């Protein structure tokens, strides 16, 4: 069963129109492409159209329980008709009394309305506790009191007609259709046939049909006998009461054939008994159906994740279960306000949540941006079928191909295996045999590997384990610090005192100064020595020249 829609904030139709107008201005939506995501363990299982609805339309069905037989055949069927009439009265009188008590629980005195219907409901509930849904249903029953009174004004004419479907409009505030499933049977079997039937055969046919209809009535009104405010009549129950004539009312209320099957599956079409008259055997039911607004270009895409293989173990992708897409905008869709059918999603309100850039990039086809959570559970789904093919994690389960026989192996580093009829016609997984008919074309990406950086911890147990590892690392670090402190304690504190350090620094500076002065002095002496050598060399050369000049003379 799908989740029940929220009825706390009904959506006005003006809001529906505005939402539809805004969304219709956006460019057409493109579905999320599941081909690059399949090999990463993210499977697009399908799309559904998104609709917004409010339960605002009502109409009435007047079920004619007692058929009118042709005058010449009344005597033949008198015995089964009398028995049927007595059984009907016994079966439905508690229902009629309950309806009457609730409708009469609101009286007008002195111009003020005295609301006493809650006490009436509690009196009709076996447990003595009235829920909010029961109070709401009783309030709707009280509001339909005037319409029920108008129908009773016309009960004689409705009971006298031989038509199986008759539209009643005289003095009624809403559309009402009188239908008679048994009258339809009488018309088909007796009024439109030229064959003369014997009296005994007429009695037998009428008796059998009346008994079958009584069985249907008992099935429909079993939970309703005590209090009509407890349970609504489903669309299936309404069809049992009215037969195929139910379509006439729905068509009159504007339900098209293209929406009918989807609305029937949604359970949004319901009915509440509003009157029962034992004199004419008329049963009035108020039918409520939604007013639906289609949101153009808006669809809901359903995603499922598969446990994939990584170097850090098995993991599943962190993506929303349902996303909605309008144009290039992708957001997570909250379906708690919606009712699901096979093809449609009916919501009382549209609630979406923005996604992180990483998830958006992942769903757009960039599988390297996908994040995964470790899933070590043995019951984690290791395979999934899609369009006649299988996506399986052949490291978690044995992928045995029956035809042709063999074991399908998954290469190291591959997240999952894509198996179609090209690689295996008949596949056996955990004792389940599947005949494959689909095929993964070349557009499907394969051999995708999940990096270590893409696997994160999200589960409570895994987080506890990681916290334990962190605590162990911290303990090891503290032990190392204690060892270093013990080694520092062995060092001579006097040598590392502040005054000693200052002395060392001053002596070092003095040594550097003396060293620099010595270097400068040495350079000066070397320079002076070289100058003296040059002077002596010059004097020697002059003396030698003078001696040569004296010798020549």
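Any Cβ shown, glycine's included, is placed from N, Cα and C.
What you see is a predicted model, and the numbers here were worked out from it, not measured in a lab.
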Per Swiss-Prot record, range annotated region 'Fusion peptide' [choices 117-141, 142-166, 167-191]: 117-141
Given ranges 440-465, 466-491, 492-517, the stretch to which Swiss-Prot attaches the annotation coiled coil: 466-491
Site from 366, 541 that Swiss-Prot describes as N-linked glycosylation site, others unannotated there: 366
Pairwise CA distance, residue 523 (S-palmitoyl cysteine) versus residue 85 (N-linked glycosylation site), rounded so that it is a whole Å: 140
Intrachain C-beta neighbours of residue 85 (N-linked glycosylation site), sequence separation six or more, cut-off 8 angstroms: 66, 281
All-chain count of other Cβ atoms within 10 Å of residue 366 (N-linked glycosylation site): 14
Residue 366 (N-linked glycosylation site): secondary structure state under DSSP, collapsed to three categories: coil
Helix-strand-coil residue split for the topological domain 'Cytoplasmic' (522-553), DSSP-based: 31 helix, 0 strand, 1 coil
